[in-house]
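Right, one structure below, let's go through it.
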């Protein structure tokens, strides 16, 4: 339950003298306010300690610096929509907070690997980035020095705090809120070019049974590195790193039966004090940065500002915020101690985050209307974008010519129903936007829908030519216009709704990052066909989609018939979606706009976030795992997805295939299958709600849909790796940046570029399409006898690419590959190096292990691990290599040819040849499980295999009609046959494989 804290509470004068001592810790004391027993006074002291209090100093003014830092951090979180216990600052070194029963856990959020994490994970390099941030729990127990605990450890304690049991769901909520809090502060610190490395927070339970962020967040709670430089750190770690007290010149330590006191010299004290003062001052700027957009429109809202629910403490700078009725504050009760464990939790020196106000996005703010059913194909892109940004909306067909009464009613009541903006899409005569603008005072954005006759130019001219005094903000024709109308709407709302502002900033940053990496070559239109089936008899369970209602928690006092009709989402018919008789998720009720329940949820209250279905490992304290029984989504339905699904089933996971093909190979073994184009965002929304993690079977999938999924569900490997591997120029540039050799290359964007490039590279050379090439498609070997213009046309036409890459032709001894697995916790392994033989550019045979010198095996492993670490891989990646022999020395060396961030054809032999196959290893990686052994099934290492001269394992692809020899293959001793059930056995098509041991 969320309760507003109004100005009466914020402006209330508390009797600070009438108080009762509750508890004290190393750095603060907590008092019960007797006349306001639902509140406490938290008073900081000037002590600074390290080593669980083993050494202690008194730092001048630390009490003021700590309180200032804490209060400012709470304000940042309030502005970001995160609930905390903070009410107001009442003294330079004290603030009022809501009373709550403290959960005896610290939640640690790590962006970079450093400190104690490195001591426990020696294989991880300092500075390794965790994305998403890594979450750890410690149990508050001074005797045991706050040990690291797993979720299972916590659940076995059977904790019940404030009458609320500590369940797996509640722990998931703490992870989610802690992550949001970290990201809000991280974003604010970035504005000052400071890296927030990690922090720790605590939670409490209010008297209303509500989970809330509590305690303090000061300079003892985090690591911050200005300019990302550890040597410039300003946090408490500087104090921890100072030499032992007895060896400190100028210090006068006291060691009598307790902590080591007065360990610092005057010079050291001054340095630490300066750091704490700098941090306290800097956090003022964090508040300014976070509140900037909220304050931009302050002058336009002075008439409303007296009613603001502003829960920030009083300072010399007034943060007057626009009056938005849906902004409320949630009270958080603090430090109500019932027993020993809770008392300990309330007095620790670790700090918690608080925020006072949260935007309640519980009714539509934007109305999306269109003239007809056919306009939905365009207008749903506006709906998709609003979904991404967390903006609640409604959608309705309102024809200016065929339903004028409906139009009049809709426009006239739009403002009274709480809408702030209307997006109107229409084609042809396109009168809808203008007529709505004439009837409502709300801003109207007009989207010209592309018409068959004049390609939308008629629509554009009809909308844009409005007379003076009746404005319609007109955007581009078609898809771009629909998307931009949604973005403009979000930009208008952002100053009043912090969660929308944050989402919009993240969206813009992602757009910038994408453009900086690589432009999109081949955008395709959204599909209109989606079908979900299973291997059992399928039945429809989503018929409610066609007439669902907005989950709008508006007041029921005026719910007359007209309001009820307007709350109903009357939408164009969605794609047909059939699902399995076994319910996939209970949350399938949703608006036909691809927004859950037609409603943008607040940034705290979302039930599902990308890692919300992961839990802490029961045996590895730092690890997140997805438990068996969960569903793994796989983009693609070919043989790789098929073998992934089989491996997943072996470990107890369900799989859900998403692909556009009819009767895909993987559908025969997967639990669920969705038939849809990859850029059907409505289908992707449903898919994301039905799975717990997503991976993909091939790298030539469109990146944008994969990136879209990351907002709703964890996707591994990261789509950024996908972008790199799809673009050969970007891929080779990345590899060379790691000082790993590749063939010389030149980017080619035109025939003239090709002529210039061949002069630099020389003959012979290989011309390849820059994207989408596979199994020899889109490439030509160039000699001085080849017509360059014809080669250019062939390469670009075969793959519909607009760019190419010209590579130096490498005279290699053989081709090889190494597959690297890297888990969610950063552990990593390489499969044995193999050599590959091709026929007509298609892999024919793989020999494992490669019959090459041991130093080449070592070099391949080093290359693979370097690539995996550098791109933050979670999953598996195959590194295709050229083995080059120096004819003078007889020495071999390796050059990287290509990367594939998925299971690889050259790894199929691992199904029978290794203890853990590449497919099982992928499942382990994306689900956070421990990596499996990559030893041969003979239980010997790669080096032992080579030394004992055991005959290699051979995997042979069955191409085309070769699969018809399946019976003969089965008669061969030591053969393991895999048939992919792919239909027509076309020439060169991979129909199966056989592994011989």
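Every residue number used here counts from 1 along the chain in the order it is shown.
Placement of Cβ uses the backbone N, Cα and C atoms for every residue, glycine included.
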Joining 728, 768, 807, 808, 809, 810, 815, 897, 898 at the ATP site recorded in Swiss-Prot, out of 736, 779, 891, is 779
Among 728, 768, 779, 807, 808, 809, 810, 815, 897, 898, recorded ATP binders, what is the largest CA to CA distance in Å?
18
Please work out the mean pLDDT for the residues of the region 'SAICAR synthetase' (1-305).
85
Around the Cβ of residue 779 (ATP binding site), the count of other Cβ atoms that are within 10 Å
23
In whole Å, how far does the CA atom of residue 728 (ATP binding site) lie from that of residue 898 (Mg(2+) binding site)?
8
For residue 897 (ATP binding site), the number of neighbouring Cβ atoms whose distance to its own Cβ is within 10 Å equals 21
Between the C-alpha atoms of residue 880 (Mg(2+) binding site) and residue 779 (ATP binding site), the distance in angstrom, to the nearest integer, is 17
Using Cβ-Cβ distances, find the residues under 8 Å from residue 810 (ATP binding site) that belong to the same chain and are at least 6 apart in sequence, listing them in sequence order.
743, 882, 884, 895
Test of understanding: give the count of other CB atoms lying within 10 angstroms of the CB of residue 898 (Mg(2+) binding site).
18
